[in-house]
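*Asks:* Here it is: the structure, laid out below.
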Amino acid sequence: MDVDAFVAASDAYPIPTSPDGAPIRFSYGTAGFRTRGDVLASTVFRCGAVAAVRSAVTGRATGIVVTASHNPERDNGVKLVDCDGGMLPVAWERHAEALANAPGWDAMRAAIATMRTPAEAHLPKHAHPPAHAADPPPPHVFLARDTRPTGPALAAAAKAGAEAIGASVTDLGLMTTPQLHYVVYASHRGWPSAEADYFARLARGFRRMVAGGTNDDDERRSIVVDCANGVGAAKLAALAEAIGQSSSDGCVLSMDLRNVAGESGSLNNSVGADYVQKEKRAPAHGSFETLGPSQRCVSVDGDADRLVYFRKKPDGSNENSVELFDGDKIAALVATRVADLLRRCAPLNAFDHPPLRVGVVQTAYANGASTAYITNVLGVECACANTGVKFLHPEAEKFDVGVYFEANGHGTAVFSDATIERIDAAIERVDAGADGGGRSSIEQCTDAVAALRELKAMTEAINPAVGDALSGILVVEAVLLAKGWGLTEWGNMYADLPSRQVKVTVLDRSVISVTNAERVAVTPAGMQAAIDQAVGRHGAHARAFARPSGTEDIVRVYAEAATEAGAAELAREVCGIVYDFAGGVGDRP
């Protein structure tokens, strides 16, 4: 790798300074670097080198996507994708941060040297060995961006950084974040990885999932989609075309795409999944207020990596307030279908020895009613992980089938390679009539065979690499169709407990440390005991926790109780406790 050429080229991308002349410091957050787009050129240039070095170390292609997801249009960011299509290892987040903030040539050389040491390889758990391990290929980086106006220049900077240090770059242009993850994932496995292959896989999986659908009501196959004026609009249109092109029996999902390409500044502006989920209101643009309560709507965010469903409240209490079907509801729906299918597969004895371990992974923010439903009604194991996909996805991989969706709508279902092999082997036995009883016995298990094929189809309809709004829409729609459900039936799975999320400003967030998936405060001493006492005063369904922000001196408080008044009061009490124990700033809550 040509480190000298890279550091020399870095002079064209100096680190920006703040008004006082000090260099701006960049932090790698939950999903990469993210800030105002006009100050990111140096960081993105250096991330090009990080991706290139990571490719050289692993012997596989890596990825970069220039996006700020659900942030305002003025912001931008850069996210690094590991060689298996997943998130960058945590240790490499530190490397990226060190290089992004390196003050000069020597510091840059030192940061790159550290990355290249064998001890820092940190290969993904499920990494496939390179085809030519003895003669590894030159580093290769896939690059994509969303529709932000600062995107083209920043993508050019990323490409310049990767090429300066010696990598080849495949510039894929406009793509959703999950598409870029999938390209790297497919490349890692030696699969076809063009955008057309991505659409074909999702469309094929969806069509096979709905092959046995029980409801022919056109209204149940029609959805109105808020595209947040982002990159997802064009990609959803292409996906709809792929589904239509693969149709032979007229079973086409109709998508009415809105907020597809607004004026300057419209990206995520009072539209998109983040807005709908947090405000519990319909998008402010796109004429959603004119739709009736029977119309199923879905909102994606600016880079189409998350989705939430919604509809106008049936009681008509407020024209813009909505009934929300968030990530918790999506996870419960997907887990319900997986459990249904495995139960129906039982006559085939395909998954008995050993039985498949199915689990749902949640964060502390998951509504308690969803946890109770998954555990007590479905009988499915429920695990809790720290906030962020980089924690949820690895936890889901511990199951044979792991489902995770954060409340914000970011998530997927992960089928292990071994599970997919067992599904494929069972289908081969079915096709050969070799279940031990011959073809006549197989024919007596028609429902079990259909369930087995739908399970296989689900593995194709959902993005295996990362949360993906496009594949999420297909899986939700397929499950609703297969069950003959609309939003009313989906909503009746369980009723959310009232909850509140509040922020408390503190002098120094580092005084709070947490454990047990961020649900228990270890320090300051005595704070957790005080929170426990407050929770105890609000009944059996109450719970609350406080966790520090990863980027700001604020503490996020979550409270849940049996009633709206109880949740509000518990949140107020816990905010006061945090203020007292953790050095609150300003007026006491």
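Cβ from N, Cα, C; glycine included.
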*Asks:* Among S69, S510, S513, S549, which residue does TrEMBL annotate as binding Mg(2+) at the site that also has D301, D303, D305?
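*Replies:* Record source TrEMBL; matching candidate: S69.
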*Asks:* When DSSP states are folded down to helix, strand and coil, where does R556 (substrate binding site) land?
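*Replies:* DSSP call for R556 (substrate binding site): strand.
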*Asks:* Kindly state the mean pLDDT of the domain 'Alpha-D-phosphohexomutase alpha/beta/alpha' (139-184) in the predicted structure.
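*Replies:* Summarising the domain 'Alpha-D-phosphohexomutase alpha/beta/alpha' (139-184) by its mean pLDDT gives 97.
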*Asks:* Six or more residues out from either end of the domain 'Alpha-D-phosphohexomutase alpha/beta/alpha' (60-100), which same-chain residues have a Cβ under 8 Å from its Cβ atoms?
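*Replies:* Residues packing against the domain 'Alpha-D-phosphohexomutase alpha/beta/alpha' (60-100) from afar: 26-28, 31-38, 40, 42-44, 46-52, 54, 108, 111-112, 114-115, 120, 122, 124, 126-128, 130, 139-146, 148-151, 154-155, 158, 162, 175, 177, 180-188, 228, 264-269, 272-274, 301-303, 305-306, 389-390, 393, 464-466.
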*Asks:* Can you grab the distance from D301 (Mg(2+) binding site) over to S69 (active site, phosphoserine intermediate)? Cα atoms, rounded to a whole Å.
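*Replies:* Approximately 7 Å lies between the Cα of D301 (Mg(2+) binding site) and that of S69 (active site, phosphoserine intermediate).
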*Asks:* Looking at the recorded positions listed here (S69, D303, D305), whose Cα lies nearest to that of R556 (substrate binding site)?
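*Replies:* Checking each of S69, D303, D305 against R556 (substrate binding site), the shortest Cα distance is to S69.
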